[in-house]
Structures are given as C-alpha cells and as structure tokens.
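Participant: The structure that follows is given in the form of structure tokens.
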Amino acid sequence: MNDLTFITPEINWTVLGMPAFLMIWAMLVLIVDMFTSDRRVLLTLSLIGLGVTAALGALDYGSTISGFSDMLVFDKFGVLVNWILLAGTALTLLIAFDYMPRQNLSQGEFYPLVLFATSGMLFLVQSTDLVTIFIGVETLSIALYVLTGFAVPQFKSGEAAIKYLLLGGFAAGFLVYGIALIYGMTGKTNLAQIANELSTWQSTGKALDDPILLAGVGFVLIALGFKVSMFPFHAWTPDVYEGAPTPVTAYMSVATKGAAFAAMLRFLNVAFPALKPEWQLLFGLFAAATMAYGNIVAVAQTNLKRMLAYSSIAHAGYMLLGVLAASEKGISAFTVYLLAYTLTNLGAFAVLIALENRGMPVFELSDLRGLGKRSPLLALAMTVFMFSLAGVPPTAGFASKFGIFRAAWDANLDYLAIIGVVTSVISAFFYLRVIVTMWMRDTEATEPQPTYATASLSLGVIVAVIGIIAVGILPNIFTDLAKALVLTVAP
C-alpha cells in the first residue's frame with residue numbers, strides 16, 4: 001500500500017495577517033462576552049484589536065507581497081484602504097457604545113459581528129482572485145445581515161434584514177454566475193492571469209467582445225454595484241438604512257462601499273484593462289444616473305435616514321468617477337474621497353444617535369428643530385458634516401469632490417465632471433435645509449427631546465470634525481500621500 005503524504009500549503013502571514021488577526025480577535029471578543037457583562041471591556045478589546053490590525057499593515061509597509069497562489073496581495077493600496085476601513089469601524093464602535101443599552105439591545109454580539117464584517121472587508125480589499133473576492137463579499141455580507149436585524153423587536157429592523165438577505169442572496173447569485181462565465185471563457189480565476197489570457201486573445205486575433213465574457217464581467221459588476229448602492233441596483237438601500245439600527249446604518253454606508261469599490265478597482269484595472277473602452281462607457285452611464293437619481297430623490301425626503309440613504313447613493317456615483325478615471329490620479333482621488341466620506345457620514349449619523357432615545361427615534365427633519373438652542377455644539381458639528389457632504393470649502397467634502405471631478409476631467413470624462421458639479425449643486429438644497437431647520441426653526445414640542453452626547457460619542461464626533469477640517473485645509477498632503485500609495489493598482 002502506497003504511503004500518503006499530506007503536504008500543508010505555505011501560509012504567508014504577512015499577506016493574511018490583517019484579516020486573519022481581526023477574525024481571530026472577533027472570536028476572542030465573543031468568548032470574553034460569555035464571562036463579563038461590562039460593555040466597556042468589550043469596547044476596549046475591540047478597539048485594541050482594530051489598533052493591532054492597523055499596526056500589522058505597517059510592518060511590511062511599502063512592500064508588494066502575494067500569497068496563496070497569488071489569490072491575495074499585501075500592497076500599499078490595500079493597506080491604505082484597510083486603514084480607512086479600520087478607522088471607520090473604530091468610530092462606529094465609539095458612537096454605538098451608549099446607543100445599544102439606551103435602545104435596550106443586546107450588545108455582546110454586536111462588537112464581534114462588526115469585527116467579523118470588517119475582517120471580510122479587509123479580505124475583500126486584498127483579493128486578487130475571483131474566488132477570494134466571493135469569499136470576502138459573503139463574509140462581510142453574512143455579518144451585515146445579522147447586524148441589520150439586530151433591533152429585531154422593532155418591525156422595521158426585521159423587515160430590513162429580510163429584504164437585505166433576499167436581495168443580497170440574489171446579488172451573490174449574479175456574482176457566482178459571473179465568475180463561472182469568466183472562468184469558462186478564460187480558464188482562469190486569478191485577475192492577473194485573466195489579463196494575460198486576454199492579451200493572448202489580442203495577439204492571436206481573437207475578439208475580446210465575446211458576449212459570454214462580457215456577460216460574466218457584467219454579472220460580477222452587478223454584484224459589486226449592489227454592495228455600493230449603484231443605480232439601478234440601489235433599491236434595497238433606503239429601506240435597509242431606515243430599518244437597521246442607526247450605528248449599523250452608519251457603518252454600512254461607508255465601510256461596505258469602501259471595500260466593494262476597492263475590489264471593483266482591482267477587478268477592472270488588473271483583470272480587464274483590455275476592455276476599458278467598454279466598461280468605461282457602461283459605467284459612465286451608471287455613474288451619471290447614480291449621481292442624478294440619488295440627489296434628485298433626496299430632495300423630496302423628510303425622513304433623515306432615508307435622505308442620507310439617497311445621499312449615499314449619490315456619493316457612490318461620485319466615487320465611480322474615480323474608478324472610471326482608471327489612472328493614478330483617479331484612484332488617489334477615490335481614496336481621499338473615501339476618507340472624507342467616512343468621516344463625514346459617520347459624524348452625521350453620530351449626531352442622530354445623540355438625539356435618539358429609546359422608543360423615540362430621530363428620523364424626521366422636524367425633530368432637528370431648535371437643536372441650535374438645545375445643543376449648539378451638536379448643531380455646529382452637524383453643520384460641519386452637512387457642509388462637507390455638500391462640498392462646501394474648506395471641508396474635506398470640497399477637497400475630495402474637487403479631486404474626483406478633476407481626475408474625471410483629465411481622463412476626458414468631462415461630461416461626467418459637469419454632471420457631478422450640477423448634481424452637487426442640487427444636493428446643496430437638502431443639506432442646507434438641515435442646517436436651516438436646526439438654527440432657524442423653533443421646536444413645536446412643549447418638552448424638547450433630550451440629547452445623549454456621551455463621552456464616547458462626543459469623542460467620535462470630535463475626531464470626525466477634526467479630520468474633516470484637516471483634510472479640507474491641507475488637501476495636498478492627503479492627496480500626495482494617496483498618489484504614493486496607489487501605484488500597485490493603477491494601470
């Protein structure tokens with residue numbers, strides 16, 4: 001009888017370090033929750049885990065290392081996006097710390113679930129293979145399905161979770177089918193190997209516009225477009241954002257977008273640069289429709305969470321311009337935009353959390369009446385966040401939008417840059433309406449709703465405001481840093 005030899009695959013811990021460590025740490029936090037009810041311990045452990053994960057990215061900073069048969073990569077672009085996602089996760093945990101007990105929600109599972117979702121996002125950002133892209137998408141999605149229904153005693157939370165699960169499963173089907181079609185046509189799942197195969201097609205005179213290949217690319221982009229709330233795959237966004245617990249909504253609005261857009265950048269720029277004219281034309285239409293639809297529909301919203309949901313759709317359109325530019329300047333502009341949007345949107349949701357009492361959610365615009373008198377500091381912070389979302393200088397929103405529009409213009413996508421400017425002007429209406437309501441409208445309630453600006457939430461708001469002003473005043477520092485870090489993904 002022949003002896004069987006088991007050969008273990010070589011594990012490159014530098015490549016896998018960030019997502020693997022955070023996944024293991026999430027399990028540790030889950031175990032600790034079994035032995036303590038002190039939520040401060042869980043928050044502290046979670047923040048330590050995020051900090052150590054970020055430090056792991058700095059160990060071999062500047063290197064480009066592939067692992068697991070080139071299915072994952074550790075590079076400067078991935079580390080930068082991962083750092084932004086980790087910072088957004090830390091802010092989410094800070095603003096959610098006092099929200100959970102105030103809403104009488106179990107929080108023991110909340111922290112590890114957020115860490116599980118973030119580990120999936122880090123894995124997705126580093127993915128350079130269709131298989132690992134699928135694993136990353138599903139890892140983050142499963143945790144987000146549970147988080148969406150975390151306030152399950154509330155009907156809207158359960159409804160949102162079911163909608164997100166069903167539509168997310170449908171998007172996963174598109175992703176799997178697209179991967180199958182691409183593999184069937186090229187015989188590869190590695191992004192770089194797919195690009196090499198298409199180069200062989202070109203050298204032998206084989207047409208690249210094969211309908212099966214194009215369908216496969218389209219299906220994968222539909223799945224990723226669902227995650228970033230790109231029109232017309234956005235239908236789930238308003239209902240899920242409204243029904244999910246507010247900290248979860250804040251987290252989903254920034255972190256999921258960042259990870260999915262990073263995967264989209266790798267997918268298009270690494271695997272399919274040969275099809276750039278085709279996907280640039282198609283995505284140009286999607287970007288224009290996404291910017292226009294999100295901003296126009298947001299004008300009619302009086303529910304704050306739905307308004308911010310449609311706003312997030314519009315901002316997905318702006319981020320798409322960075323993808324479409326397909327250049328060093330475009331990708332660096334995208335990373336700065338992601339940082340600015342993360343700080344701004346999390347800050348805006350933090351203000352809503354500060355006003356949200358158990359059984360008395362602050363969802364309507366009228367709930368902000370008189371906030372300037374009741375809590376001028378919160379109103380001032382919200383003003384900064386609204387100005388940044390609208391793109392008013394000297395905020396991070398202005399600097400990042402300017403960079404995105406300039407990158408699009410330099411890439412001969414001037415029509416998209418013009419549409420972006422026009423839709424930004426439209427968006428100023430509903431952002432400024434929030435400011436006017438806070439400062440110039442008196443509350444109609446005999447007993448104004450109290451505010452809950454606790455220490456952890458206040459810290460999160462302060463960090464967001466400082467970050468927004470810093471990026472807005474010193475945009476060149478962040479832009480130059482981003483340019484130095486995107487060389488590993490720009491074509």
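Residue 1 is the first one shown; counting continues down the chain.
Each Cβ is built from the backbone N, Cα and C atoms, and glycine gets one as well.
Positions annotated as transmembrane segment by Swiss-Prot, on the basis of sequence analysis: 15-35, 41-61, 77-97, 105-125, 130-150, 165-185, 247-269, 279-299, 307-327, 378-398, 416-436, 459-479 (among others).
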Participant: Determine which residues of the chain contact the transmembrane segment (416-436) at the Cβ level, with the cut-off under 8 Å and only residues 6 or more beyond its ends counted.
Facilitator: 284, 287-288, 291-292, 294-296, 298-299, 301, 304, 307, 311, 314, 317-318, 321, 324, 365, 368, 382-383, 386-387, 389-392, 401, 404-406, 408-409
Participant: Which stretch, 41-61, 105-125, 459-479, tops the Cβ pairs under 8 Å count with the transmembrane segment (247-269)?
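Facilitator: Stretch with maximum Cβ contacts: 105-125.
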Participant: Please indicate, using numbers and ranges, the residues of the same chain that are 6 or more beyond the transmembrane segment (130-150) and have a C-beta under 8 Å from a C-beta there.
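Facilitator: Residues packing against the transmembrane segment (130-150) from afar: 68, 71-72, 105, 109-110, 113-114, 116-121, 123-124, 157-158, 160-162, 164-165, 168, 172, 175-176, 179, 182-183, 189-191, 220, 223-224, 227, 240, 243-245, 248, 251-252, 256, 259-260, 263, 267.
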